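J.: Can you read through this structure? Questions will come right after.
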There are 2 protein chains.
Amino acid sequence: MPAEPTVADLDEQELLARIFPHLPVGDATLVPPGDDAAVVATPDGRTVVTCDVLVEDVHFRRAWSTGHQVGLRAAAQNLADVAAMGARPTALVVGLVMPPTTPVAWVEALAAGLGDGCRPHGAGVVGGDLSSGPALMVAVTAFGDLEGRAPVLRSGARAGDVVAHAGRRGWSAAGLALLLAGQGGADDALVDAFRVPCPPLTAGVDAARAGATALMDVSDGLLRDAGRLARASGVTLDLADPCVAFDDDARRLAPAADLLGVDVREWLLAGGEDHGLLATFPAGAALPAPFVPVGRVLARAATDVLVEGARPAVGTSGWDHFRA
Amino acid sequence: MPAEPTVADLDEQELLARIFPHLPVGDATLVPPGDDAAVVATPDGRTVVTCDVLVEDVHFRRAWSTGHQVGLRAAAQNLADVAAMGARPTALVVGLVMPPTTPVAWVEALAAGLGDGCRPHGAGVVGGDLSSGPALMVAVTAFGDLEGRAPVLRSGARAGDVVAHAGRRGWSAAGLALLLAGQGGADDALVDAFRVPCPPLTAGVDAARAGATALMDVSDGLLRDAGRLARASGVTLDLADPCVAFDDDARRLAPAADLLGVDVREWLLAGGEDHGLLATFPAGAALPAPFVPVGRVLARAATDVLVEGARPAVGTSGWDHFRA
């Protein structure tokens, strides 16, 4: 049986010819891939720009995720950062580093995943670069259109605002914990949530339209990211009991937490990579679906984030790439 | 003596605090790094987007290049792709993957190099992402402003046009060849040209203003990239004798070529990574400095590129990352 073709069997043009058919052109693409650079429409006169890198054996393992899943995840987490500015995603570019032993089929699946992650939003994959290297690395830069609105920053929360959250909490952390414990078969939906997050991408624009005062993507855990929002805004966030604020998630995660002997609050408060949206709204504002109230904004105190008025007792560190 | 601090000694916030002071804000930066995404001004209503990745031991070696040089190179080669559309560079973002053993000082030098590469052009470094990984990888995405002009594509060359080139030819290949032969001390300027290319960045806008019909960055060698332009335009390029067309470069490279027993035509025609600009102009157009005429455009023939009317005899392959 012949060996599976790898990227070392193709030259760059041949590999690009395998990749391009998977990439959506996108509504904003004026000059598609193939020239020195692409040209993207930015009718607003501004463009939102964000960059996120996925590295093999740091962010994903090929034994756990297909190329298609890694592509979907790379698209989702970058488009989530666009949404977190209150913008509509328009396009992305991809820097892809691959060991020569990478199967061509894996790269095609990655491209298909990137395409499938962009297509529902009208976003195009407009360019990229390929290189060999010692590990798979997917560096995505994504763009978004503010459609005439002001960007919603982390720094706009004011005392008296409501803290709200949209999207899943703790699912990705629970899925990863199951995989690490060799219990991946115990709950496919949680493991899939780790492989491919499902950020509420349209909720970012909806939050901006509804008057959100601050907005951010929750990638490193609720406590850690809430702390960033609090410091940027010069306020303190007082979060509700997570088992009440995120009662659906808490119930959904309970069996896996029991199986692994984990306090579900740990996943709810410190679990990363779900890419939900954390927002603040003026008191009394109608929260756009699927935002739910999860706390309130206080005048700046000694602590960035409180839970039910007290310093949180469980893990506050979130994910850090460099610290052991 | 304490060990040199590495990125593993800092958390992400601490490392960002070391990096940010080196990064220029840029004329087009509306929301600088620090939020979920940056916002860049795109007054033209379009933005040029390009992406290029540098990988340790594929594109550079830490034994040969400082962090500052790698940063300068990463900026230069990305801004060259912006220039190659006839656009003015405005901003870039950087995905940076680092082994935990990477010295903090190396990362600071890289940031300083990126900043120094952008600052003279008014371009900002507006965001990025940091991750650990098995090797240093620098994934840059750069943006440019077309200032109301049409982008100059590879596909616009027409029979009868003049072929022109701006920038150095063969210096980078000669510098790399000296390093590989252990003769790096023989010609510092050539080795420096490999470490840090000096693309003629403002020549891209000048070419567009002067009516260039096609334009591209020469990154993989003149013959290979001229072949791409020829295929995109449906024409054949007939290049002049490179020792005449690039007489200054030929003379400058002669001692190194003699030392290594290389035909200088090989470097002139097939050497990559100089990031000069290849353009076509209507016959009779005044070529903006520093463009020089290097050939003419013929109706499409069986061969993409000719040299003095004949199939070129020396290396035509240029650089391919995957083929052995």
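Each residue, glycine too, has its Cβ placed from N, Cα and C.
What TrEMBL shows for this protein is this:
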BINDING   B:Asp36, B:Thr50, B:Asp81  Mg(2+) 4 binding site
BINDING   B:Asp36, B:Asp81, B:Asp217  Mg(2+) 3 binding site
BINDING   B:Asp52, B:Asp81  Mg(2+) 2 binding site
BINDING   B:Asp52, B:Asp129  Mg(2+) 1 binding site
BINDING   B:His59, B:Glu273, B:Trp319  substrate binding site
BINDING   B:Gly128, B:Asp129, B:Arg154, B:Ser219  ATP binding site
BINDING   B:Asp220  Mg(2+) 5 binding site
DOMAIN    B:34-144  domain 'PurM-like N-terminal'
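For the listed features, I'd like the structural context: burial, neighbours, distances.
T.: Sequence-distant contacts (6 or more apart, same chain, Cβ under 8 Å) of B:Asp36 (Mg(2+) 4 binding site) do not exist in this structure.
In sequence order, B:Thr50, B:Asp52, B:Ala142, B:Asp217 constitute the residues six or more apart from B:Asp81 (Mg(2+) 4 binding site) in its chain with CB-CB distances below 8 Å.
There are 27 other CB atoms within 10 A of the CB of B:Asp52 (Mg(2+) 2 binding site), with all protein chains counted.
DSSP gives B:Asp52 (Mg(2+) 2 binding site) a strand state.
In the three-state DSSP scheme, B:Glu273 (substrate binding site) falls into the coil class.
Here B:Asp129 (Mg(2+) 1 binding site) comes close to B:Val94, B:Gly95, B:Leu96: these same-chain residues lie at least six apart in sequence, with C-beta atoms under 8 angstroms from its C-beta. Mapped onto three states, the DSSP output places B:Asp129 (Mg(2+) 1 binding site) in strand.
B:Asp220 (Mg(2+) 5 binding site) has a Cβ environment of 20 other Cβ atoms inside 10 Å.
Assigned with DSSP, the residues of the domain 'PurM-like N-terminal' (B:34-144) fall into helix, strand and coil as follows: 35 helix, 46 strand, 30 coil.
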J.: Quick one: of the binding-site residues B:Ser219, B:Asp220, B:Glu273, which have a CB under 8 A from chain A's CB atoms?
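T.: From B:Ser219, B:Asp220, B:Glu273, flagged as close to A: nothing.
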J.: For B:Ser219 (ATP binding site) and B:His59 (substrate binding site), determine the Cα separation and express it in whole Å.
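T.: Distance between the two Cα atoms comes out at 12 Å.
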J.: Taking only same-chain residues 6+ apart in sequence, whose CB is under 8 Å from that of B:Gly128 (ATP binding site), what do you get?
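T.: When sequence neighbours closer than 6 are ignored, B:Gly128 (ATP binding site) has B:Pro33, B:Val93, B:Val94, B:Gly95, B:Leu96 within Cβ distance under 8 Å.
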J.: Hey, which of the binding-site residues B:Thr50, B:Ser219 is the loneliest by Cβ count within 10 Å?
T.: B:Ser219
J.: For each of B:Asp217, B:Glu273, count the other CB atoms within 10 A of its CB; which of these binding-site residues has the top count?
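T.: Buried the deepest by this measure is B:Asp217.
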J.: Sorry to bug you, but what's the C-alpha spacing from B:Glu273 (substrate binding site) to B:Arg154 (ATP binding site), rounded to the closest Å?
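T.: So the Cα of B:Glu273 (substrate binding site) lies 18 Å away from that of B:Arg154 (ATP binding site).
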